[in-house]
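J.: Could you have a look at this structure, given as structure tokens, before my questions?
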């Protein structure tokens with residue numbers, strides 16, 4: 001019998017926050033590069049590509065961490081670690097996902113291919129960075145930002161100042177929210193030697209997260225002023241600032257379950273700023 005439920009959990013389809021956090025920056029880029037009106041074809045290609053590559057990343061991560069996950073309370077029952085899905089099944093599933101992603105990539109301009117290759121290479125590298133690099137979130141930041149240049153290129157745009165600002169926003173955002181995520185597993189990671197910015201930043205973790213959030217949210221303001229957008233953007237910008245403030249409140253005591261909740265709340269920030277960009281470009 002095919003373990004469909006286990007496959008769903010292996011791909012994290014039951015926890016769509018990862019897909020959303022990868023999709024929102026790509027959506028921001030698509031809206032910016034197309035003056036608020038991306039084509040349906042581009043939307044479908046990038047949306048499906050986001051789902052396929054995020055799922056592939058989860059499989060790669062679980063293959064690489066299958067011996068580590070059993071020592072972490074939050075991950076010890078993942079399908080590969082528990083034996084619900086075999087290693088060979090995981091590799092077959094990964095192959096299918098990569099083939100599906102390649103099929104979509106062939107519909108995009110050739111220059112998108114180079115960024116896609118970088119994305120795949122970083123995705124394969126990331127799980128192993130947690131073993132020897134003190135700040136693997138920097139690597140994740142690159143992997144989760146590759147959809148931005150691809151969206152601009154696929155839309156026939158150069159990698160202009162909008163791209164640079166958006167890339168910096170997303171890169172900083174990823175480091176911030178994934179540090180919150182890593183704070184959830186900090187105690188277990190210290191025991192087994194897994195590295196993260198939650199450990200590397202030590203007692204400065206909350207301060208650095210706060211500075212990153214202030215920096216990235218200020219960049220949105222710079223972009224908006226430069227574009228001379230309407231007041232609706234600023235209303236949503238203030239709403240998003242409230243979300244960031246709430247996240248900082250959640251992580252203040254460094255309670256694992258609250259840190260994980262703060263990570264999940266990042267999805268609301270991405271959604272609000274998507275609406276903000278959309279309204280700004282109408």
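Glycine is treated like the rest: Cβ placed from N, Cα and C.
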J.: Looking at 69-89, 90-110, I want to know which stretch Swiss-Prot calls transmembrane segment.
T.: 90-110
J.: Considering only Cβ pairs under 8 Å, which range in 40-60, 135-155, 163-183, 207-227, 262-282 makes the most contacts with the transmembrane segment (90-110)?
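T.: Ranking 40-60, 135-155, 163-183, 207-227, 262-282 by Cβ pairs under 8 Å to the transmembrane segment (90-110) puts 40-60 first.
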J.: Would you confirm whether the transmembrane segment (163-183) and the transmembrane segment (262-282) meet the contact rule of 3 or more C-beta pairs below 8 angstroms, pairs 6 or more apart in sequence?
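T.: Yes, the stretches contact each other.
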J.: So which residues does the transmembrane segment (135-155) touch in its own chain, when a touch means Cβ under 8 Å and the partner is 6 or more beyond its ends?
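T.: Hits for the transmembrane segment (135-155): 21-22, 25-26, 28-30, 32-34, 38, 42, 45-46, 49-50, 57, 108-109, 111-112, 115-116, 118-119, 122-123, 125-126, 129, 162-163, 166-167, 170-172, 174-175, 178-179, 182, 195-197, 200.
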